[in-house]
């Protein structure tokens, strides 16, 4: 037996010891705890708005904090800011590269960002004096595609990349403040905690990591998925996270218990998950799938309680408004739909 094989076995044994130690701390299962909870019942949501205007696949969307405006990015090379109440386009921003994979709305509403196969994160000022929207910064240091970006405030943004790293940027100087190293596969998705001090990342190494923005360190690593993690989000109280993977499951991990609580899967679901988001209370989990649907799960009982079907292609992105009143889904069919 080679030395590598020996080390591999040793690593597996150590991983098993960690898993056993975690299990020993779990004095009760989530299923036991929530057995007394009332059943959610069928969740039926209708399409209230369809946002038409993109001419190609939509890859990403993100709500503004006002729960009214949202930004979407498409392969047609446009970044569009929409008014979801009227379905009007507030801004249509032509991009230098049409290979866009992510977009983000700043909490202040002053900026939007996007990036993709150009390996850059481009920041656009929506409130410029001239009235036209233009690039205010191009953040380039990643050596792989930009998979996700999220603002912390008007001067700080976190990015994840196909180069396996995440980075915190100072937008004013255009420099990376911190590089977060630890994943062994492409970083696919990130989400920022409600207090903006932590963020989580999901990667193609099938693990999710919790990072401390201020210290620049990895706090926790969560494993259990059998394939790439494509999507990740925080539970509304910031004390748990949910991941969506190509293994056709979503998983809920508790940060304090340091382990997986529940797995959302069904034998009839065999395709990967592209996007995940919680309702305002956290009781419902929305997950977008490659089979053109968005499933609604009871996050406490891991039962499927609804389905949003209306797209003619893969649901690539989704988001719940800050006020919890609506869900938006974006798809490769070039449309965005607003549901409630």
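Backbone N, Cα and C atoms are what each Cβ position is placed from, and that goes for glycine too.
Copied over from Swiss-Prot, here are the features:
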- 53-83: repeat 'WD 1' (REPEAT)
- 95-125: repeat 'WD 2' (REPEAT)
- 141-170: repeat 'WD 3' (REPEAT)
- 182-212: repeat 'WD 4' (REPEAT)
- 224-254: repeat 'WD 5' (REPEAT)
- 268-298: repeat 'WD 6' (REPEAT)
- 310-340: repeat 'WD 7' (REPEAT)
Secondary structure composition of the repeat 'WD 4' (182-212) [DSSP: H/G/I, E/B, coil]: 0 helix, 17 strand, 14 coil
Helix, strand and coil totals (DSSP H, G, I; E, B; other) for the repeat 'WD 7' (310-340): 0 helix, 15 strand, 16 coil
Mean per-residue pLDDT computed across the repeat 'WD 5' (224-254): 98
Chain residues outside the repeat 'WD 7' (310-340) and at least six past its termini with a C-beta under 8 angstroms from it: 45-52, 54-63, 65-67, 70, 72, 74, 76, 82, 84, 274-281, 286, 288-294
Same-chain residues at least 6 beyond the ends of the repeat 'WD 4' (182-212) whose Cβ lies under 8 Å from its Cβ atoms: 144-145, 147-150, 152-153, 158-166, 218-223, 225-234, 236-238, 241, 243-245, 247, 253, 255
Counts of helix, strand and coil residues, the repeat 'WD 5' (224-254), according to DSSP: 0 helix, 17 strand, 14 coil
For the repeat 'WD 3' (141-170), the number of residues DSSP places in helix, strand and coil: 0 helix, 19 strand, 11 coil
